[in-house]
Protein chains: 6
Amino acid sequence: MRPSGRTANQIRPVSFTRQFTCHAEGSVLVEFGNTKVLCNATVEEGVPRFMKGQGKGWVTAEYSMLPRSTHTRSDREAARGKQSGRTLEIQRLIARSLRAAVDLKQLGENTIVVDCDVIQADGGTRTASITGACVALVDALNWMRAKGLIKTNPLKHMIAALSVGVYQGTPIADLEYVEDSAAETDMNVVMTDTGKLIEVQGTAEEEPFSFDEMQEMMELAKHGLREIFDLQKSALN
Amino acid sequence: MRPSGRTANQIRPVSFTRQFTCHAEGSVLVEFGNTKVLCNATVEEGVPRFMKGQGKGWVTAEYSMLPRSTHTRSDREAARGKQSGRTLEIQRLIARSLRAAVDLKQLGENTIVVDCDVIQADGGTRTASITGACVALVDALNWMRAKGLIKTNPLKHMIAALSVGVYQGTPIADLEYVEDSAAETDMNVVMTDTGKLIEVQGTAEEEPFSFDEMQEMMELAKHGLREIFDLQKSALN
Amino acid sequence: MRPSGRTANQIRPVSFTRQFTCHAEGSVLVEFGNTKVLCNATVEEGVPRFMKGQGKGWVTAEYSMLPRSTHTRSDREAARGKQSGRTLEIQRLIARSLRAAVDLKQLGENTIVVDCDVIQADGGTRTASITGACVALVDALNWMRAKGLIKTNPLKHMIAALSVGVYQGTPIADLEYVEDSAAETDMNVVMTDTGKLIEVQGTAEEEPFSFDEMQEMMELAKHGLREIFDLQKSALN
Amino acid sequence: MRPSGRTANQIRPVSFTRQFTCHAEGSVLVEFGNTKVLCNATVEEGVPRFMKGQGKGWVTAEYSMLPRSTHTRSDREAARGKQSGRTLEIQRLIARSLRAAVDLKQLGENTIVVDCDVIQADGGTRTASITGACVALVDALNWMRAKGLIKTNPLKHMIAALSVGVYQGTPIADLEYVEDSAAETDMNVVMTDTGKLIEVQGTAEEEPFSFDEMQEMMELAKHGLREIFDLQKSALN
Amino acid sequence: MRPSGRTANQIRPVSFTRQFTCHAEGSVLVEFGNTKVLCNATVEEGVPRFMKGQGKGWVTAEYSMLPRSTHTRSDREAARGKQSGRTLEIQRLIARSLRAAVDLKQLGENTIVVDCDVIQADGGTRTASITGACVALVDALNWMRAKGLIKTNPLKHMIAALSVGVYQGTPIADLEYVEDSAAETDMNVVMTDTGKLIEVQGTAEEEPFSFDEMQEMMELAKHGLREIFDLQKSALN
Amino acid sequence: MRPSGRTANQIRPVSFTRQFTCHAEGSVLVEFGNTKVLCNATVEEGVPRFMKGQGKGWVTAEYSMLPRSTHTRSDREAARGKQSGRTLEIQRLIARSLRAAVDLKQLGENTIVVDCDVIQADGGTRTASITGACVALVDALNWMRAKGLIKTNPLKHMIAALSVGVYQGTPIADLEYVEDSAAETDMNVVMTDTGKLIEVQGTAEEEPFSFDEMQEMMELAKHGLREIFDLQKSALN
């Protein structure tokens, strides 16, 4: 039995609130149960130095948790003067995943930055961020087309992400904090709506996991992500 | 005529949403029109090193703007590796103001940190932060009494803040962004609900201001803050 | 009775030593009693990036206290690797005040940086810095005219600053350290020699202050600053 | 055909030189073809603050590339003043993997730090680091037993790591730089010598990968890692 | 002929102004011609962590140039966020030299920090700093004895420093800026008043120097330092 | 008697392994007994900003010790976020010495960076670094000529360095760690193969040294460096 009473393959209620703030070209509050992340997509002219002159665009992301988005307060990274390894790792993952969704050539020499700021955390903030960021990205691309900045749609496919894990010996989907902190294994899967994989990151927290357990977790992820793709599409209509 | 159509002494709609997030001991979303700030108060055991052994508590604050809370995106301070002078100045102002509301002796050796994170900015983020932070602080103090951490109520009085300024030659109250960015003078006033002053910070942006203009701005602030104190009290009942 | 034996509105002896060092375009040692600040104005070709191409100049300032300018030694900010919030706040105040004294268009695309380094501190270092920096600024502008870098005089008016406060219930002018550290309220006023206000920053340290006390402090400031403007002018002749 | 002429499942020559330097408790130069990493294990008394008083030990790792270990020189991280996101991500991976090999309770309140410094890079530096670090860790544990610091052997199992990927449509094992930089997918697998998984990190660099391709890459990893475990064991005898 | 008209072995006028500021336990303005350095010695209870529990004291130093102590303005190190290699090298030299003058055991567990802040630079700031710092150190030691913090005098001997060099083929003493910036070789010598050496640092700036030139420079240093020791002693009487 | 059994003027076995790594234009492992430093020379197009447009090249160096190159582990500078004063001092010394060996005009607008990374330390790492870096520099210059980047040979002379000191009252050459840490005086001498001096840095660690002792140490350095120049030349043939 899961603490939440959910079945092994049952994900939490997932929702997307578009235009959550008024300035960003794409602004989405994504919720996976009690996990709430604000994903703001900004369109900027030009590209970083290392991309200049290639006629291609760039997509990047930043991630942060509000100091009191968690059970106890964490230090503010801006005050400490550096981002933690965990933060950098997560924002690199979000950015790579988003770039895999976009044809950078069709973007022209423009940059899209997606800021994922965790307002409230209850497990799965990185996967919620990717899932919400993709919706904000779509809104930003539509804004670009409406403004005439791009002619075609650079989106190759939707992406979404889900955490799965092994909890008390059983593979389960969409871990919330109490499950996550006690899980033997934790795995994050980023997938396209065409059923292919972008990222798989599995970590044995307490005990090594078998090839079979990995297989089962992959199946749970595939199943849960199909539901999430449907919700993403509804939100965008 | 103000861009917003407001009269010179008319403030924007002000609202407070308590328990906006679930982990903090006090969590308030304060809105002054389109300016929205999330104020989370955290109670921590112990005090900073320089306060140890005095039997007194401490109240402090941190302030940050989400990168895309503004019209164009600003660099994330955590990524740049330091907080700007403006940020430090604002969080010092918030913290000093909050400490002026509390009898630190009655707090015991506990610390309250109030995080003010600007979700959306349209002028007056520092005054909205102070005003919302005071409500979050009250919720945190009530939580402490309910938990038995303190016996008495350390709150000396409520505090609130308002920006006033001289815009096209006329003193006005509660400037929004388009007014603020074009104002000749900008003044922030922090007051107690007993009608006394905590902080006054007036700055000539374009033109020096006269002693008379200062007097008029002070009157506007006093008037507007009375309305805000009523709204704070309603929110807390 | 004030610890110094001064009357409530009596300022300390104020003096300006021009050409205190030999390299800077303007170099002034300003003294307010035992508070001594070296203000060096440097003229540099060009402007910061955000000002480029507007045909206007820029004026900025930096502030620092020598580690042992105070009763006990403070850490050196260069060694600690960052400037404190207090330092940043003060140098932003000095810079804003100086910019209010200059017509940036007449300055051409040149920058004046005024370094205010506190040699010895006894209260009022920020107001002494502003008052001395204005004299160094005038010397630098005269140097620019002598060199033919500018044709006209960009100075709009002299500026000077004074601290006032409420000490043991009585408003007083020009607080020295023993007064400042015990004052209920501390207020810094930056004024033009034409009698208008540039900055007003009042802070309740111990007790909130009334609108009437504020009025009295403003009068003390106006009175004291008239004396200081006379001394500035003598020093420049 | 692979640039190296290797078959799809053929790994490069792997070697371990123990006691490569004279001061460290474990010192191993690991080579995967032209990739050479020096892994030095240091035994230190005590544990980090967050682990104190639990009667358990700690294992951690640091990773760095010498500036000219690569084709072109990279900036030295110590000179730039911070470690890159990539570096932090890799050293977190190495450390997590090593901790999964050790029973921290049997280690007592001691810390083992393994420094992985890349002397020469040709793809797969993180997997080589993990594989060599495990040998250095074993030497350090043996040193501890010889010194009487621990009574039992805290090693739960050996670990090793291998990179696999999809290159020109074909899954291959142990990518060298020219393959890695052109691969569609890159996956790092950390395994125990008992055939279980510690970490799996797969990333689509150019094209999303299918569940089937993932399966094939996992098989290649399992196969290659068996060879590597044999080499590790020979090196330790 | 030297630009200054001085003979090869002629040093500049050297002076010491004690009690230059009022807070420091030793405060000396040292002048070597136009080079002016303020040396403030601070006595602090306790020693740095690595010295604790040995019953010995510690002497250290910090060095900085005011941004406009030089012909053109340098960036402020506190603003840049780090001290330059040159600064660190110089303050390490000053500190080592001062420690060589003191018997740390007789100092008890106390620390003396000497801050050397260059007010005006015209060559030889590091040697002037050492020479002035020694006088400030003596004043601080006398203050400690007067306060009863120490019973004996920990001073082993006076120290002083002088720069010598090869300028247009001729060895000369006490280089000023125009000489220093054109010299072939630059050498700094720190000596005791008992005629022994503490530090010798010779650097070929343009051309390697011969063993004979080195010998001549050493003689010039010995000669000049004898004069300086006389001036130090006069200043202390 | 020296701990090593060497005579006072006997240096340790010195060796140079060229092409130690495969990517750098010059790559030399230099060994002075148990001290081992990897010196990688990188050729880069262009020069630092302050050298631009002068038609001259630049030579610089960086130095680092692997965390466990020493008896006990030191913190990694990249993790601490800054290079120590000792590191900066040493790499400035190496860079200045190398520049003294090269005619920068003949180098064209190219930069050579020599990275000196200490693999294993047993005293004299800075002098070994300089000695090995010069060989790597020669290899890099030869590479440039072979590539046609330069037409002439910019090398003015070979350089090498040796540490000497006073140990238990006797001047000795090439101190290893146990001698170095107990020596009264430590001196590093950088010389050209034409018998002239580039740098002399002598430091009294425990006791001031006499002019005569200095003379003796200089003789030991001259003698030992002649041997080293022979070994350098053999290595290059």
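In case you wondered, yes, glycine gets a Cβ from its N, Cα and C as well.
What TrEMBL says about a protein is an automatic prediction, not a curated fact.
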TrEMBL phosphate site partner of F:Gly124, F:Thr125, F:Arg126, selected from F:Arg80, F:Arg86, F:Arg99:
F:Arg86
Protein Cβ atoms within 10 Å of F:Gly124 (phosphate binding site), excluding its own:
27
Across the domain 'Exoribonuclease phosphorolytic' (F:157-222), average pLDDT on the 0 to 100 scale:
96
What other residues of the same chain, not counting F:Arg86, F:Gly124, F:Thr125, F:Arg126, have a CB atom within 8 A of the CB centroid of the phosphate site?
F:Tyr63, F:Ile90, F:Val118, F:Ala121, F:Gly123, F:Thr127, F:Ala128, F:Ser129
Can you tell me how the residues of the domain 'Exoribonuclease phosphorolytic' (F:157-222) break down into helix, strand and coil by DSSP?
16 helix, 30 strand, 20 coil
Would you count the other C-beta atoms found within 10 angstroms of the C-beta of F:Arg126 (phosphate binding site) for me?
23
Relative to the Cβ of F:Arg86 (phosphate binding site), which residues of the same chain, six or more apart in sequence, are found under 8 Å away?
none
So, by DSSP, how many helix, strand and coil residues make up the domain 'Exoribonuclease phosphorolytic' (F:10-140)?
42 helix, 43 strand, 46 coil
In sequence order, what residues of the same chain, 6+ apart, have a Cβ less than 8 Å from the Cβ of F:Thr125 (phosphate binding site)?
F:Thr35, F:Val37, F:Met65, F:Ile90, F:Val118
Using a Cβ cut-off of under 8 Å to chain E, which of the binding-site residues F:Gly124, F:Thr125, F:Arg126 qualify?
none
